[in-house]
Amino acid sequence: MPVEENYQPLLQEEEERAYDSDEKVLIIGVDSDTESGGSTVLPPFSWKKLWLFTGPGFLMSIAFLDPGNLEGDLQAGAIAGYSLLWLLLWATAMGLLVQLLSARLGVATGRHLAELCREEYPTWASMVLWIMAELALIGADIQEVIGSAIAIKILSNGFVPLWAGVTITACDCFIFLFLENYGVRKLEAVFAVLIGIMAVTFGWMFADAKPSASELFLGILIPKLSSRTIQQAVGVVGCIIMPHNVFLHSALVQSREIDHNKKDRVQEALRYYSIESTTALVISFVINLFVTTVFAKGFYGTELANSIGLVNAGQYLQDKYGGGFFPILYIWGIGLLAAGQSSTITGTYAGQFIMGGFLNLRLKKWLRALITRSCAIIPTMIVALVFDTSEDSLDVLNEWLNVLQSIQIPFALIPLLCLVSKEQIMGTFKIGPILKMVAWLVAALVMVINGYLLLDFFFNEVTGVAFTTVVCGFTGAYVAFIIYLISRGFTCFSRCCPSKQIEVE
């Protein structure tokens, strides 16, 4: 039987890569008449080039605005008032540092974190890292899809139940696939619109609430932390660094066509990615600040503060601030829907890179996206059916999901910091001793904070001899694997990467 000309095999013959060459945004050639492509001198700044590089940072910033972060914001505002705004600022700065290192890894090597983990670690360790990354992604995806489903329920006046909202949200996978066929810039434009919707809706709420400007600035400038607000402080930091986002950003930066063998081109890409990532996270900080201050103004010091959560936040806002020209309940619902939809799509995107990178799956992208979406949507549907009528149970589940993601953070941060520190991997773009020390201090701080969250949670939730034994056994294996990853980081990676030096023609 003759093979049809339009037939597309499910398996690709070449090795898995983040983007095919025909999918990348062309950078080489812009202002080429004024640049000496092989020079070691950094080309002059160009607004046109900044525009061409703009996109990956905004996709990355979605993880700072997902429903899990919004819940952390509203609880911090309701319970701690304005006092944790300084921590939100510094947590965002720490998140920016981690994401810039992730981008640096992707630009300098031409490969993303999942690929490098597969190549540089033994097979067994690589598989453990993959499983941990997938678990973190599934946990994040459940929160994101449930957040969208809650928003749909709000906007439909309760007519659409959670399970139906989950089904509707699951269809965004196919919208994402459709958009990607028209180019990565179209997809990035959609995310820009969704971020704009969040900025407008939460900014509208901020304007309606009229929070105290003096208390706001004092909260940002003066560090303050009491024993009563430690849990909210841990939540603020814990929500900022998402394991799957570290993998995602190192892949997103490869959507631009640059010559990785020319030092000036790599330096130029790093400069523009640093500018656009910083801009994106400044915007995300402002949006998170809007949410925190609205709930600080409305609920701090009230009896409702300890009971507020993502499920009932809209109704509490409506009761506090009233209807007005456009009811604040629906403004909140629209912003929450934009947050849930955008983060769900980026979760699907991250799932493709994680699965493809660790397993070297040479599948067509639509099939890989379908597989990753199915892995996440099935447990989410079960959650929606079980917890549809129980708000308290849904909040407890959310705590467990936060714990699940906190457990995974070292398995993204440690490989990243080890890889960007090695000349065998990064060549001349390895991080220097000062940046290395700062990065490890940030990573240690994040892991200690999340460790506190885990200990506090397990002391309160783990009961019974059998359950305690299982948790202790898991903890021992967990700590041992972290020690292995750190110790390996002080040895040379040499399985697949001989000493790499950037050549300048």
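Here the Cβ of each residue, glycine as well, is placed from N, Cα and C on the backbone.
For 50-70 (among others), the entry in Swiss-Prot reads transmembrane segment. Same-chain neighbours of the transmembrane segment (50-70): 25, 27, 30, 92, 95, 99, 103, 140, 143-144, 146-148, 150, 184-185, 188, 191-192, 194-195, 198, 239-240, 242, 244-245, 248-249, 252-253, 255-256, 269, 272-273, 275-281, 283-285, 287-288, 291, 310, 336, 339-340, 342-343, 346, 349, 398, 401-402, counting only residues six or more beyond its ends whose CB sits under 8 Å from a CB of the stretch.
The transmembrane segment feature in Swiss-Prot is assigned to 78-98 (among others); the stated evidence is sequence analysis.
Residues or ranges marked as transmembrane segment in Swiss-Prot: 127-147 (among others). Listed by sequence, the residues of this chain that lie at least six past the ends of the transmembrane segment (127-147) yet keep a Cβ under 8 A from its Cβ atoms are 63, 66-68, 70, 114, 117, 121, 162, 166, 169-170, 242-244, 247, 310, 336, 339-340, 343-344, 347, 350-351, 354-355, 358-359, 372, 375-377, 379-380, 383-384, 394, 398, 401, 404-405, 407-408, 411-412, 415, 481.
Taken from Swiss-Prot, the feature transmembrane segment covers 159-179 (among others), and the record attributes it to sequence analysis.
The transmembrane segment annotation in Swiss-Prot covers 187-207 (among others) and rests on sequence analysis.
Sequence annotations record features per position, and here Swiss-Prot assigns transmembrane segment to 233-253 (among others).
Sequence annotations record features per position, and here Swiss-Prot assigns transmembrane segment to 280-300 (among others) based on sequence analysis.
Swiss-Prot lists 321-341 (among others) with the feature transmembrane segment, giving sequence analysis as the kind of evidence.
If you look up Swiss-Prot, you'll see 369-389 (among others) marked as transmembrane segment, on the strength of sequence analysis.
Summarising the annotation, Swiss-Prot assigns transmembrane segment to 400-420 (among others).
What Swiss-Prot records for 439-459 (among others) is transmembrane segment, and it gives sequence analysis as the kind of evidence. Among residues of the same chain six or more beyond the transmembrane segment (439-459), those with a C-beta under 8 A of the stretch's C-beta atoms are 94, 97-98, 101, 230-231, 234-235, 237-238, 241, 399, 402-403, 406-407, 409-410, 413-414, 417, 420, 431, 471.
Here Swiss-Prot flags 466-486 (among others) as transmembrane segment. Note on the transmembrane segment (466-486): residues 125, 128, 407, 410-411, 414-415, 418, 458 of its chain, located 6 or more positions outside it, place their CB under 8 angstroms from a CB of the stretch.
With a threshold of 8 Å between CB atoms, the same-chain residues lying at least 6 positions outside the transmembrane segment (280-300) that come near it are 57-58, 60-61, 64-65, 69-70, 73-82, 84-85, 88-89, 92, 95-96, 99, 195, 198-199, 202-203, 205-206, 209-212, 215-216, 308, 313, 316-317, 320-321.
Here the transmembrane segment (187-207) does not lie next to the transmembrane segment (78-98) in space: the count of CB pairs under 8 Å, restricted to residues six or more apart, is fewer than 3.
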